[in-house]
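These notes concern the structure reproduced below.
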């Protein structure tokens, strides 16, 4: 269960208390591709305040503590951080610079270049395939800085509802054949059909297909849509209301089929139920 748009530091505990075991936050860049703040901006989901924010490096410092065992702020349930990279707001020519900057800030403020025990997995949410240079830069930077081992903690996810074969082609260009999630969804203000979601799930379940390990639906607020997604077999849902998802998961139909992921579950492995 991914808490959606958790952009203020005080919202982290709020969403965890509602039952989320993952959080998504938005990263806003300046025109040069430097990550500045966690901030969504207007418009955003219905019924939500769009303007909450924090300085990105301060947010990382806090979330490091929240995901470090034995830290006073530690919350065991938080196992995944989804960075919603607002690259569509900057020139595609700056995507590489943005990838370098985010990698260095994670190295300095989250992983602390090997001196941090923060353990959450990281999901890089890229809005459009045209911004794939962000991924190349991110991986290049980890390599150049001597921390390629952190690649094991990082997954890729394209969130713009683009053609799945087009996404596969870009992953092929990048040489990525594992640690890939696929999102499908729309703002909670609108309804969305299931055609592309079903296609993504079919690809995930195709033997030998290496470009989708997990599929999640976003942003779900109605229990009926949560149930629909679970019946289709999604691996996760993003919601403004994690507590509603918890209630649905306790229903007789789902209680034996689904459970919340823990740190002992590998987010890059396909679930074979």
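Yeah, the Cβs are placed from backbone N, Cα and C, and that goes for glycine too.
As the structure is a computational prediction, the values presented were derived from the model and not from experiment.
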Requested in this report: Would you identify which residue of 61, 70, 71, 84 Swiss-Prot lists as part of the Mg(2+) site it also attributes to 24, 26?
Outcome: 84
Report task. For the recorded Mg(2+) site formed by 24, 26, 84, name the remaining residues of the chain with Cβ within 8 Å of the site's Cβ center, in chain order. Result -> 4, 5, 6, 7, 25, 27, 38, 40, 82, 83, 85, 86, 125
Query raised in the report: Near residue 4 (active site), which residues of its own chain have a C-beta under 8 A away, given they sit six or more steps off in sequence?
Result: 24, 45, 218, 219, 238, 239, 240
Query raised in the report: Whole-number Å distance between the CA of residue 26 (Mg(2+) binding site) and the CA of residue 46 (disulfide bond)?
Result: 17
